[in-house]
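*Asks:* Attaching a single structure in C-alpha cells format; questions to follow.
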Amino acid sequence: MQEPPLELTIEPPLSQETFSELWNLLPENNVLSSELSSAMNELPLSEDVANWLDEAPDDASGMSAVPAPAAPAPATPAPAISWPLSSFVPSQKTYPGAYGFHLGFLQSGTAKSVTCTYSPPLNKLFCQLAKTCPVQLWVRSPPPPGTCVRAMAIYKKSEFMTEVVRRCPHHERCPDSSDGLAPPQHLIRVEGNLHAKYLDDRNTFRHSVVVPYEPPEVGSDCTTIHYNFMCNSSCMGGMNRRPIITIITLEDSNGKLLGRNSFEVRVCACPGRDRRTEEENFRKKGEPCPEPPPGSTKRALPPSTSSTPPQKKKPLDGEYFTLQIRGRERFEMFRELNEALELKDAQSGKEPGGSRAHSSHLKAKKGQSTSRHKKPMLKREGLDSD
C-alpha cells in the first residue's frame, strides 16, 4: 500500500507539526549531537526550506570569518581647541649690531583718513586691517650677501608670551587678495614680494615671514618693506585685545643675528583717533598726580596745566593812602566805588574791626569835606551881603 504524497503546497513550511517533531529530536541538555544529522536529513521539508538549510552553513562560515564589530566606546566630550604653546620667547631688546641696524617710519598725522600712522613717543604703529604699512630699514654699512629680514609677532604681556600670535578663525576662513604664498593663519604678510617665505617653526610653532635684504636704490638711504597685518587687535579667537610686538631681525645666510629692533602694533578701524587717544593718556600718566589721603574715596583732581603758580590773596592791611583826583565828578565816582568795596568787605566779615574803623574814618572825612566845602560858600555869601 502506497502512502499518499505530502501536500507541501498546502501546509506552510515549519508548521506546528514540523516544529513539534524538531523539538522532540532535541536532547535533554538542548544541544544537538552529530547522531541527529541523519534524522534531520530524513525530515519531510519543503524545497525552499531545504535550500535554506543547505546554504546556512556557508553563510555561517562566512560570517565567522568577518570579525565582530567592536563595542562602541562611551561618548566623551570633545576637548576644546587650544593652540600650541611655545617654550621659546624671542628677545625684543634693541640690538643695532656691527651694521647699525635700526628702523624708521614715515611721518603722518592723526587725521581720520590715515590708514597707517606711527607714534614716536609710544614706539607704536597704528594701522588698519590689510593696509600697507611701510617700514624703513637703515644700516650704516651694507650687510654681507645673502642677508635676510625676518618679521615675527609676539604678545607684549608676559602672561601671553608663550602663545603663538595667529589670526582669528573668522579671518582664516575669509578669502583675501593674497598672492597664494601666505598660509591663512599667518598674521604678518609682505606686500609685493614674490621672494617672501612664510615659515612655521617646528620647535617653537611660531610664525614668521622672511624676505631677502635688498640694498637701497640709487638716491635713497634706506630700504623699505611693505607689511600687512591681516587681523584686528580686537578679534575674538585671535589677538582678543591683547597688545602685540613685531620684532624685525637682520640675519645672515646661516641664521646668525646681525641686528634687531621692535615696535608695538595695534590693528584698528581708526588709527588716527586711537593714536591721539593713547598719546593723551600717555602724557597724563607722565605728570605727577597727588595721592589721595588714606581712606578717602574721592578722586584727586588733575593738577593745573598752567606754568605760573596761583597767586595767594593778600589780606587787607590797615594802611591809608591819599589819592589826588582832579574834578569833583570823578572824585565822587571813586568815593562811591571805595565805599562799596568797604561795605562788601564788612559784610563778608574778612576784617570787621578794620573795615568798621575805615568806614567811620571815611564818614568823618566826608563830613569834614562837606564842612570845608560849605565854609567858602558862607564866606562868599558874606561878601555879597557886605
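Positions of Cβ are set from backbone N, Cα and C atoms, glycine also.
Features from Swiss-Prot:
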COMPBIAS  275-288  compositional bias 'Basic and acidic residues'
COMPBIAS  358-377  compositional bias 'Basic residues'
CROSSLNK  K379  SUMO cross-link
MOD_RES   T18  phosphothreonine
MOD_RES   T277  phosphothreonine
MOD_RES   R326  omega-N-methylarginine
MOD_RES   K363  N6,N6-dimethyllysine
MOD_RES   K366  N6,N6-dimethyllysine
MOD_RES   K375  N6,N6-dimethyllysine
REGION    1-313  region 'Interaction with CCAR2'
REGION    1-44  region 'Transcription activation (acidic)'
REGION    63-102  region 'Interaction with WWOX'
REGION    105-229  region 'Required for interaction with FBXO42'
REGION    108-285  region 'Interaction with AXIN1'
REGION    249-287  region 'Interaction with E4F1'
REGION    275-318  region 'Disordered'
REGION    312-353  region 'Interaction with HIPK2'
REGION    318-349  region 'Oligomerization'
REGION    342-386  region 'Disordered'
REGION    352-356  region 'Interaction with USP7'
REGION    361-380  region 'Basic (repression of DNA-binding)'
SITE      K112  site 'Interaction with DNA'
*Asks:* Under DSSP, is R326 (omega-N-methylarginine) helix, strand or coil?
*Replies:* coil
*Asks:* Can you give me the same-chain residues 6 or more apart in sequence from K112 (site 'Interaction with DNA') with a CB-CB distance under 8 Å?
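*Replies:* Long-range Cβ contacts: C270, G272, R273.
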*Asks:* Do you know the DSSP helix, strand and coil residue counts for the region 'Oligomerization' (318-349)?
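*Replies:* The counts are 21 helix, 0 strand, 11 coil.
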*Asks:* Among the modified residues T277, R326, whose Cβ has the fewest other Cβ atoms within 10 Å?
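*Replies:* Relative to the other modified residues in T277, R326, R326 has the fewest Cβ atoms within 10 Å.
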*Asks:* At the level of the C-alpha atoms, what whole-angstrom distance separates R326 (omega-N-methylarginine) and T277 (phosphothreonine)?
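*Replies:* Rounded to the nearest whole number, the Cα-Cα distance is 60 Å.
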*Asks:* May I ask you to report the DSSP-based helix, strand or coil state of K112 (site 'Interaction with DNA')?
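*Replies:* DSSP assigns K112 (site 'Interaction with DNA') to coil.
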*Asks:* Could you say whether, by DSSP, T277 (phosphothreonine) belongs to a helix, a strand or a coil region?
*Replies:* helix
